[in-house]
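Annotated features, as they stand in TrEMBL:
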- 304: Mg(2+) binding site (BINDING)
- 388, 389, 390, 391: GTP binding site (BINDING)
- 22-35: compositional bias 'Basic and acidic residues' (COMPBIAS)
- 1-53: region 'Disordered' (REGION)
- 119-142: region 'Disordered' (REGION)
């Protein structure tokens, strides 16, 4: 019996015919090569598709935390300015009424203060006259207001209506924001007894974007009845611009007036240190053809409440094409994210919270930082500390304001910028080390986020760090 031979049926099926001619062999080999090429192309497409699925970019999430006016929203704007330029340019002109609102609010704050002081002086004079006694309530001589101050109040009166109109256009009536108490720090603790703050604000899930969309939606021309609705139309923004332009000389006069400056100084009001300050730009902004610059948009102030989500597709940089989601959090529980930039206004060491005048802003920032560092939900995240508004800190120190008067632990250290920032950095570092449930790296940047050039360099460094961590988390490194 002959041994059995195993024959592969597939090999037998694809074997060339025994009586194959050279021409048939050439045609067969050509067909086989073509089939192999097509098969390889299909395999390559499948491999690339698998790689795309494996490397599919999940959005990079950043949660920005910090006190009100610490620079979170300005940083969001810088991200958009640098990495989503096309979207930025589409929105820039919509910031025009916001800049107008900031400028008008600056003026109205002065008018309110001026009106109170002039009214109180009249009341004091009436009291002194009726009692025939001299006043010794103040060691400072009374401010001398003249007829020009009364006329400035009268001529700048229309700006009150302009501010009201702009508030109506930008959002609903002012919302009372919630803040922390002395012994707790938002956004991770409950049971807070929170006083109110009356600054006009936007409360929405996407912050300034909802306000800008509302502006765009309301930006329809209004007929000029004197010319006929079909021949000439006026934009509402242009009407506001005309009112402000008509008040330009009076705005400059009240801001540059020495008596008003002394009133602000005695009241310890420094408008130039506040967000949304534009009184030094009146010549440029109080014009009918004004259009906001990049710097104007970054500096513009529009208070937002709650958690705002901003989505950007980066157009350039190492993460071009990557979706970034940035969350601006104000007094609310956090959203899960891989990186938490925390913002501290280092110039606020001698200031009190607007929400509670008994609380030092720097101490409140320390409490908030401690709450973030100790939160177990955030234990696996990286935290970046931005010591912001270093320019204002330097200006304040140059005016002779001493840190130790408000921060006794600062002691006899040199009262200069480098010493102060080193001291603040060390304090934040010690809090992180003491209260973090796990050992974490300490990332810190000294910034002035309204300086777009220096901020671009800082954000480039931050982007690189976040990219490396994001790839590591996605198992791509």
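Glycine too: its Cβ is placed from the backbone N, Cα and C atoms.
Caution: TrEMBL annotation is automatic and unverified by curators.
Beyond the compositional bias 'Basic and acidic residues' (22-35), the same-chain residues lying 6 or more positions past its ends with a Cβ under 8 Å from any Cβ of the stretch are 16. Contacts of residue 389 (GTP binding site) defined by a Cβ separation under 8 A and a same-chain sequence distance of 6+ are given as 70, 71, 345, 346, 347, 348, 447, 448, in order along the sequence. Cβ-based neighbour count (10 Å, all protein chains) for residue 388 (GTP binding site) stands at 28.
Taking the mean position of the Cβ atoms of 388, 389, 390, 391 as the GTP site, the remaining same-chain residues with a Cβ inside 8 Å of that point are 71, 345, 346, 347, 387, 392, 393, 394, 446, 447, 448, 449.
Note on residue 391 (GTP binding site): other Cβ atoms within 10 Å of its Cβ, all shown chains, come to 17. Rounded to a whole number, the C-alpha distance linking residue 391 (GTP binding site) with the residue listed as 'Mg(2+) binding site' is 24 angstrom. Separating the Cα atoms of residue 304 (Mg(2+) binding site) and residue 388 (GTP binding site) is a whole-number distance of 19 Å. Across the compositional bias 'Basic and acidic residues' (22-35), the DSSP tally of helix, strand and coil residues reads 14 helix, 0 strand, 0 coil.
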